[in-house]
Amino acid sequence: MERVYNFSAGPSILPLPVLEKVQKELLNYNGTGMSIMEMSHRSSYFQSIIEEASNLLRELMSIPDEYEVLFLQGGASLQFSMIPLNLMNTYKKAGYVLTGSWSKKALQEAEKVGEVQVIASSEQEKFTTIPKLDGLLSDEKLDYVHITTNNTIEGTKYVDIPHVEKVPLVADMSSNILSERYDVSKFGLIYAGAQKNLGPAGLTIAIIKRDLIGEADRSCPTMLNYETYSKNNSLYNTPPSFSIYVTKLVLEWLKEQGGVSAIEEQNRMKSSLLYNFLDESKLFTSPVDPTYRSLMNIPFTTPSEELNSEFLQKAKERGLVTLKGHRSVGGMRASIYNAMPVQGVQQLVNYMKEFELENR
């Protein structure tokens, strides 16, 4: 069977050259006579892999020296707990901006550790927009402020990162890390599950300012303490070695594409193809405020569940798969991460045009 265009929100499409290299090296990595999956994480071979992955990420994101890159497990969902356990240490209070399902889950975990202030929310608008934050981030008696830069389920993103002067800004970038340029120095901590834009599931990356490490309460479990990973080069225990290896290959691929600025240009072109059609369509609609449309996750729907089901079935027959929207939103959703080629988006748009003609 030929490969399909996979529009899954995660685990998601990986670059074909990366998969081919994994296939080539699967049984015998670099002349070692063994697979990465069989290799000791203490070996010099793996030490070089994790170091190269860290260096590539630093280069691609222009990460300043005062930040650490940590390779973790547990997905972004575990970070919802790790962050307050490590950072909620002075005022026992944090600020959260609610922009979708994942930011709400992050807030709920933080509430188990300390006090949470909802700085702003777009829940009344069904998370179809990003709330205005002008003048709302002036409270200095917060240990940190948490945002989600891209809302995977709802299809919104921040156009401008909020300015927080004296409080660390923490960002969940799981679904748009490396898709567009960000000034890392604006953040105290950035975290992302790998399975959308970085690599396979099983790995989580945290980029954290060094002065935020080492302040966790003594009751913080060892494996939930950032200091544990910082002191041990992310090798305190066995890391998700295969996921780190594939992520390194994805970062190499991204560098070959011209880096983040080049991929951002391509991502804007890909999303414009789909948004331009949606804006002109008489059948398909997008619920998202146009000002805050995501480059990565694009929800859309037809007027009825019957048409949605028919659309999804016929799309699958054409090799356009995993387009069903999240159960909390319904309809369809096209996730067009870095690895999705322009041709995939163009084929989707072509099919949508045909479907509309058939269902006038």
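FYI, residue positions are counted from 1 along the chain as it appears here.
A Cβ is built for glycine as well, from the same backbone N, Cα and C atoms used for every other residue.
Arg42 (L-glutamate binding site) is surrounded by 9 other CB atoms, counting those within 10 A of its CB over all protein chains shown. Taken residue by residue with DSSP, Arg42 (L-glutamate binding site) is part of neither helix nor strand, so it is coil. The L-glutamate binding site annotation in Swiss-Prot covers Arg42 and rests on sequence analysis.
According to Swiss-Prot, the pyridoxal 5'-phosphate binding site annotation covers Ala76, Ser77, Trp102, Thr152, Asp172, Gln195, Asn237, Thr238. According to DSSP, Asp172 (pyridoxal 5'-phosphate binding site) is assigned to a strand segment. Sequence-distant contacts (6 or more apart, same chain, Cβ under 8 Å) of Asp172 (pyridoxal 5'-phosphate binding site) comprise Ala76, Gln79, Trp102, Ser103, Ala106, His146, Ile147, Thr148, Thr149, Tyr191, Ala192.
In sequence order, Ala9, Gly10, Pro11, Ser12, Thr152, Ser174, Ser175, Ile177, Met296, Ser335, Tyr337 make up the list of same-chain residues 6 or more apart from Lys196 (N6-(pyridoxal phosphate)lysine) whose Cβ falls under 8 Å from its Cβ. In the three-state DSSP scheme, Lys196 (N6-(pyridoxal phosphate)lysine) falls into the coil class. Taken from Swiss-Prot, the feature N6-(pyridoxal phosphate)lysine covers Lys196, and the record attributes it to sequence analysis.
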Discussion item. Same chain only, sequence gap of 6 or more: which residues have a CB within under 8 Å of the CB of Asn237 (pyridoxal 5'-phosphate binding site)?
Written reply: Met223
Discussion item. What whole-number Å value do you get for the CA-CA distance of Thr238 (pyridoxal 5'-phosphate binding site) and Arg42 (L-glutamate binding site)?
Written reply: 9
Discussion item. Pairwise over Ala76, Ser77, Trp102, Thr152, Asp172, Gln195, Asn237, Thr238, annotated as binding pyridoxal 5'-phosphate, what's the top Cα to Cα distance to the nearest Å?
Written reply: 31
Worksheet item: Counting other Cβ atoms within 10 Å of each Cβ, which of the binding-site residues Ala76, Ser77, Thr152, Gln195, Thr238 scores lowest?
Response: Thr238
Fill in: Cβ packing number for Trp102 (pyridoxal 5'-phosphate binding site), 10 Å threshold
20
